[in-house]
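Asks: Annotation comment: Swiss-Prot describes 1-9, 60-80, 147-154, 217-240, 313-343, 470-476 (among others) as topological domain 'Cytoplasmic'. Feature annotation from Swiss-Prot assigns topological domain 'Periplasmic' to 31-38, 102-125, 176-195, 262-291, 365-375, 436-448. As annotated by Swiss-Prot, transmembrane segment applies to 10-30, 39-59, 81-101, 126-146, 155-175, 196-216, 241-261, 292-312, 344-364, 376-396, 415-435, 449-469.
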Amino acid sequence: MAGNVQEKQLRWYNIALMSFITVWGFGNVVNNYANQGLVVVFSWVFIFALYFTPYALIVGQLGSTFKDGKGGVSTWIKHTMGPGLAYLAAWTYWVVHIPYLAQKPQAILIALGWAMKGDGSLIKEYSVVALQGLTLVLFIFFMWVASRGMKSLKIVGSVAGIAMFVMSLLYVAMAVTAPAITEVHIATTNITWETFIPHIDFTYITTISMLVFAVGGAEKISPYVNQTRNPGKEFPKGMLCLAVMVAVCAILGSLAMGMMFDSRNIPDDLMTNGQYYAFQKLGEYYNMGNTLMVIYAIANTLGQVAALVFSIDAPLKVLLGDADSKYIPASLCRTNASGTPVNGYFLTLVLVAILIMLPTLGIGDMNNLYKWLLNLNSVVMPLRYLWVFVAFIAVVRLAQKYKPEYVFIRNKPLAMTVGIWCFAFTAFACLTGIFPKMEAFTAEWTFQLALNVATPFVLVGLGLIFPLLARKANSK
């Protein structure tokens with residue numbers, strides 16, 4: 001009894017803070033401001049009220065329902081819908097990281113450029129093919145690092161992540177108060193209520209996927225439900241606190257961006273270099289030169305490296321660690337003496353290399369390539385969130401079978417409606433997000449659209465091939 005009480009020591013504020021560090025980042029503010037300008041303030045309010053809050057609480061119920069499961073989403077699907085769909089969920093969770101892995105070395109290069117040169121000129125000095133070749137070399141190097149299991153790098157990454165988190169909050173505080181403390185002039189003039197109201201047109205709709213991408217990943221906090229004291233009350237309280245904290249940071253951060261960058265004339269490379277521009281301007285406001293920007297660039301470099309190494313290794317081991325031989329060939333699961341899944345790493349390398357080099361055939365500018373890959377992530381990554389809502393809908397249908405300690409909505413029809421809404425909204429965001437955010441029907445727009453349509457189908461479709469290969473191997 002004493003042991004059980006000792007295990008459940010997390011309070012609602014612990015849950016809120018742990019979740020906040022996991023879910024939120026300064027890049028979310030910059031990327032969505034680059035897409036929408038100050039209109040994003042309205043978008044944040046909508047997303048947090050009608051999507052993120054129910055999403056987080058749904059994760060809480062699923063984590064409580066399957067408190068002994070170690071596979072996350074795939075465990076939830078396995079218990080509710082069988083091993084076949086559980087395999088597809090696990091495959092989706094892994095394969096959507098491929099565009100993420102292809103984009104991370106780019107982010108490392110950009111951060112290094114700002115840390116060393118104090119500006120964003122590094123990616124302008126070389127051709128796209130040369131830069132993407134260097135990106136591929138970086139990826140191969142960090143794949144080797146991941147295979148060595150360097151724990152010290154993860155510790156450095158954690159410290160860097162905390163530093164970035166603190167600096168993100170510092171940015172909001174210093175930028176919002178700058179007009180009162182310094183003589184800085186607000187870049188966006190004539191701000192009225194109409195400044196924040198979006199024009200609901202096709203251009204606006206195509207940017208929703210980036211908002212969904214920004215607030216996703218709450219399923220990572222599900223293991224903490226059953227470590228929480230009085231989870232039926234404290235966990236949802238922590239989640240609501242999380243939603244308020246993220247909403248405040250998103251809204252104030254967006255307002256701060258509006259003070260620095262004219263909402264009606266957003267720089268074309270803001271998505272690529274905006275984080276560094278922001279800290280550079282902040283240093284100018286307070287007569288600190290490039291100090292804040294360099295500190296942030298160094299912390300971001302280390303954080304991106306750690307995130308890349310972790311994302312190469314962890315999702316793959318989740319997929320292969322508890323692999324069912326009916327769905328995944330044994331050859332793919334083969335490991336070397338250090339426990340590295342060699343063939344799994346090779347498959348990752350092939351897919352990432354294609355995604356790094358193929359776009360250079362039709363995208364001739366590094367800034368556009370970076371933005372394209374980031375937008376592709378906003379289309380592909382939320383596909384894994386769909387399985388969360390599928391699992392929730394299944395749990396609601398099987399309500400008599402499961403008796404979790406925490407239940408989000410006890411009214412079955414209402415719970416089903418919320419689950420379907422979250423699933424439909426995520427799917428809608430993914431579908432509309434495939435359209436490139438640039439002048440339509442140009443050669444590059446068509447090329448990007450083709451890649452945006454083909455990539456999710458190819459990546460998820462590969463998952464349908466492996467069960468056939470496994471069946472063939474097992475028959476021998």
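Glycine too: its Cβ is placed from the backbone N, Cα and C atoms.
Show me how these features fit into the shown structure, please.
Replies: When Cβ-Cβ distances below 8 Å are used as the criterion, the topological domain 'Periplasmic' (31-38) is approached by residues 44, 188, 191, 195-196, 198, 204, 207, 210-211, 214, 250, 254-255, 257-258, 261, 263-264, 266, 270-271, 274, 374, 437 of the same chain, each at least six residues removed from its ends.
Proximity of distant same-chain residues to the topological domain 'Cytoplasmic' (60-80), defined by a Cβ-Cβ separation under 8 Å and at least 6 residues beyond the stretch ends, is recorded for 86-90, 93, 219, 221-226, 231, 235-236, 239, 318, 322, 384, 387-388, 390-392, 394-395, 398, 402, 404-408.
With a threshold of 8 Å between CB atoms, the same-chain residues lying at least 6 positions outside the topological domain 'Periplasmic' (102-125) that come near it are 131, 134-136, 138-139, 142, 269, 272-273, 276, 290, 293-294, 297-298, 300-301, 304-305, 307-308, 311, 352, 355-356, 366-367, 369-370, 373-374, 376-377.
Within the same chain, residues 37-39, 252, 255-256, 258-264, 282, 285-286 sit at least 6 positions outside the topological domain 'Periplasmic' (176-195) and bring their C-beta atoms closer than 8 Å to a C-beta of that stretch.
Note on the topological domain 'Cytoplasmic' (217-240): mean pLDDT across this stretch is 78.
Secondary structure counts, DSSP: the topological domain 'Cytoplasmic' (313-343) has 15 helix, 2 strand, 14 coil.
Sequence-distant contacts of the topological domain 'Periplasmic' (436-448), counting only residues of its own chain at least 6 positions beyond either end whose CB sits under 8 Å from a CB of the stretch, comprise 35, 203, 206-207, 361-364, 368, 371-372, 375.
In terms of DSSP helix, strand and coil, the topological domain 'Cytoplasmic' (470-476) has 6 helix, 0 strand, 1 coil.
Same-chain residues lying 6+ beyond the ends of the transmembrane segment (10-30) with a Cβ under 8 Å from its Cβ atoms: 56, 161-162, 164-165, 167-168, 171, 214-215, 217-218, 220-221, 224, 227-229, 234-235, 237-239, 241-242, 245-246, 249-250, 253-254, 257, 270-271, 274-275, 278.
Tertiary neighbourhood of the transmembrane segment (81-101): same-chain residues 71-75, 139, 308, 311-312, 315-316, 318-319, 324, 326-328, 348, 351-352, 355, 373, 376-377, 380-381, 383-384, 386-387, 390-391, 394, 455, 459-460, 462-463, 466-467, selected by CB-CB distance under 8 Å and a gap of 6+ residues from either end.
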Asks: What stretch, picked from 126-146, 241-261, 415-435, 449-469, has the most CB pairs under 8 A with the transmembrane segment (292-312)?
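Replies: Answer is 126-146, with the largest number of Cβ pairs below 8 Å.
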Asks: When each of 39-59, 126-146, 155-175, 344-364 is checked against the transmembrane segment (241-261) for Cβ pairs under 8 Å, which one has the most?
Replies: 39-59
Asks: Below 8 angstroms Cβ to Cβ, which residues of this chain, lying six or more residues outside the topological domain 'Cytoplasmic' (313-343), approach it?
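Replies: Tertiary neighbours of the topological domain 'Cytoplasmic' (313-343) are 70-72, 74, 83-84, 87, 90-91, 93-94, 97, 146-149, 466-467, 469-471, 473-474.
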Asks: Counting only residues 6+ away from its ends, which parts of the chain sit with a Cβ under 8 Å from the topological domain 'Cytoplasmic' (217-240)?
Replies: 7-16, 18-19, 22-23, 52-53, 55-57, 59-60, 62-64, 67, 72-73, 385, 388, 405-408
Asks: Are the transmembrane segment (155-175) and the transmembrane segment (344-364) close enough that 3 or more Cβ pairs fall under 8 Å, when only pairs 6 or more apart in sequence count?
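Replies: Result for the transmembrane segment (344-364) with the transmembrane segment (155-175) is no.
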Asks: Are the transmembrane segment (196-216) and the transmembrane segment (376-396) close, by which I mean at least 3 Cβ pairs under 8 Å that are 6+ residues apart in sequence?
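Replies: Taking Cβ pairs at least 6 residues apart, the transmembrane segment (376-396) and the transmembrane segment (196-216) are in contact, with 3 or more under 8 Å.
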